[in-house]
Amino acid sequence: MSSSCNVGASAGGGGSVVMETSNFAHVIFQNVGKSFLPQAALECHYTLTPFITPHPKDWVGIFKVGWSSARDYYTFLWSPMPENYTEGSTVHRTIIFQGYYVPRSDGEFYQFCYVTHTGEIRGASTPFQFRPATPTGEELLTVEDDGNSDILVRVEEVQQECKELQKALRLLTQERDQLQEKQRQQNQELQKSLIEEKEEAQSRVRQLEQDLLKITQKAVLKETELDCLRDKLQKVISERDSLQTQLKNERDERELYKSHVRSAELENTKLSAELQMLKAVELNREVTIAQYQEELHRLRTERDTHPAETGLKEQLRQAEEQLQATRQQAAMLGSELRDASGGRDRTMTELYRVRQEAEELRAHLAEAQEECRHAQDQLDRMKNQTSQEMGRAGGGVGVASELEAELQKEVEELKLRLNMAAEHYKEKYRECQRLRRQVTKLTQQQETQQGDANRNDASTETTLELHTPDAETPSESYPAEIKTVARDVEKSRDEEGNEQEEEDEEEEECSLSVEAELACMEEKWREQCTINENLKLLLANEEKRFKTQVAEKDREVSALRESLVVVTKEKERLEKQYMREGTTRSRRLEVREPVVLRYPLPYPQDPPPLPLVPQQPAELQFGNPYLEQETRDGADGALSPEQTCRPPPLAPPPWGGPVVCSQPSRSLSPPDGLENPTEERPTGGDGEAPAVCEHQSLESNESHTSFCFDTRPDVHKQCPLCEVIFPPHFEQSSFERHVESHWRVCPVCSEQFPLDCQQQLYEKHVHTHFDGNVLNFDNFD
């Protein structure tokens, strides 16, 4: 039913009014008479029905019958705002028009109209006139004129007025009949539509109540699941905190191990330098001992020929004292060497223990990540179920809103960024695999982490809006019963008018009861919708909060994963560096030091006498007594000067297990039954020591080039590659480091590569030493 109102009036024929069905019944004017006194105070009584909401700017005006808009008022008064007004209630109000505002007696018809602040006319009264009171018989005057004729005053005026009123009455009666017929038809249609709307609303309310009950039950179940997930999340957070604490402890231990490694490196460097120096001293002392022994033998042979026996005895005693001191120094050097080997073994044991603790930490982190992934999967399943159930409860919900589209776009962007991060992680992971193939367990855990990184932890939220049906409350217009103007017509139509009024009152009461019931149902529906909206908001807030917590947890786990990767890489680098240094130290320690003989030297019985010269050549004239001990066990043999300059072995022996254990120094002397090919040693003149040999095995020549360095302190050292000359007293270790800097050395087999060698070839060679097992060096080149 339309809520607009139109009032039309025809100016001709005494101002007859044609009114259509409108909203004029929203304000009902009461006790409106047929006429009022002009220039006198006028009371206006009206009732505000529940279909109108009063406003302080509403007003009541006096309009001439035939007005066309709200601006055609004669005068008006503001409608007072009722006190303690309740929406939907009926209010009775009264206003008084002062006498100087009331129109004069002009024979026109007027009516009250209620105008809202928006300019809509929501109520109109029956027409009335402003005229003086009807004169009685006593008020009639008889006037005698010159023709002695009596003239009745006001008779003609009254007769004319009576004719106009009768004509207006006929028009109003016809209009009333038409309006009554039209009203009956509209009432029937309205009643039918109200019944249909009521039944539809009731069925809709029942359906919504059932849906609300189902949603409430499901919300309780989801709340229970959320509580379980919160408990699991709390456990994961506690485990994460413990892992963080453990990681912090590991970092502290790593720093401590770093400091220990640095101190051990410094100590090893110092011990290596001392060992080289002691080896050089020992070699010099060995040569000196041989010289003294030869001199002693010569002196014994000349003792019979020289009378100065006392001087010879003194020289012999001094030589024996020097020999004893040399033996003591050799014993001290052996003790220091054993201490250095024990320190190396302790350092390797600590490094292995650090590796085991790192593996345990990685296992704990993998378990925590698996629990996080399981909790995230449960949360995703719960969100999908909630979105599907909310979609079914929403009924005919339209397409997703713009907010959904924006959220979907953000989710796609997050997925793209996650994929890019996963690709970057894959590259880093492949690089780590190339550098460390021997750690199988760590590889499997990293592959599991790679699979977890591709998982999408972003879910799409669906916003459902329940649209409440707009129950269009129909409005009714009940035109007031037109009363008769003349007393004679009023008496004849009195009974019919009373019956019509009773019928109108009954219909109005029925309509009001139906409207009140509909209003009550509408109010209940609004309350239910409010409750549903509140439940949806609570559920959405809870899901958002849980999502935020899960995202924070994921970020923290990612940070822990990144820090663990950094720690792992740092530890691998330290392990490789320490392994290279340990391998280098082990190769240096494998060169056995000369052993002092326990038994006297087997001198020849009849050597030719030789004169004593001030500077005896370094080479023994009777041969090296140690070369005759080749048939002895390799453990008791000593190194010849040729053997001392041999390069270290290409690779350490294979280890039986991953445990770093202390290995005894290996003897480089040949086994029993084999002959060690000797090479001629050129002798130098004028007291020069024999030149250093350049022994290289055939295998060494095929694989790489090794250098033998002259350790004599009185010879200028020259780099064989860059031809840089160093002073005689330049440190031997610094000179060796300078020569080795021209090459890239394999950290496992010490094979040398030129600096311009391709990186891929160098890495391929290094990788060939590993087969994926920890500390397995069986596949050395």
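Every residue gets a Cβ built from N, Cα and C, even glycine.
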Of 68-94, 338-364, 365-391, 716-742, the range Swiss-Prot labels zinc finger: 716-742
Of 149-175, 392-418, 527-553, 743-769, which range does Swiss-Prot call zinc finger? 743-769
Reported as an integer number of Å, what is the Cα distance between His738 (Zn(2+) 1 binding site) and His765 (Zn(2+) 2 binding site)? 24
Environment of Cys719, Cys722, His738, His742, the listed Zn(2+) 1 site - residues of the same chain whose CB lies within 8 A of the CB centroid: Pro720, Leu721, Val724, Val739, Ser741
Between Cys722 (Zn(2+) 1 binding site) and His765 (Zn(2+) 2 binding site), how many Å separate their Cα atoms? 26
Give the number of CB atoms, excluding that of His765 (Zn(2+) 2 binding site) itself, located within 10 Å of its CB. 17
If I take the alpha carbons of His769 (Zn(2+) 2 binding site) and Cys719 (Zn(2+) 1 binding site), what is the distance between them in whole Å? 31
Any idea what the Cα distance is from Cys719 (Zn(2+) 1 binding site) over to Cys746 (Zn(2+) 2 binding site), rounded to a whole Å? 21
Roughly how many Å lie between the Cα atoms of Cys749 (Zn(2+) 2 binding site) and His742 (Zn(2+) 1 binding site), rounded to a whole value? 17
Which residues of the same chain, at least 6 positions away in sequence, have a Cβ lying under 8 Å from the Cβ of Cys746 (Zn(2+) 2 binding site)? Gln752, Phe753, Tyr762, His765, Val766, His769
Nonlocal neighbours by CB distance (under 8 Å) for His742 (Zn(2+) 1 binding site), same chain, sequence gap 6 or more: Cys719, Leu721, Cys722, Pro754, Leu755
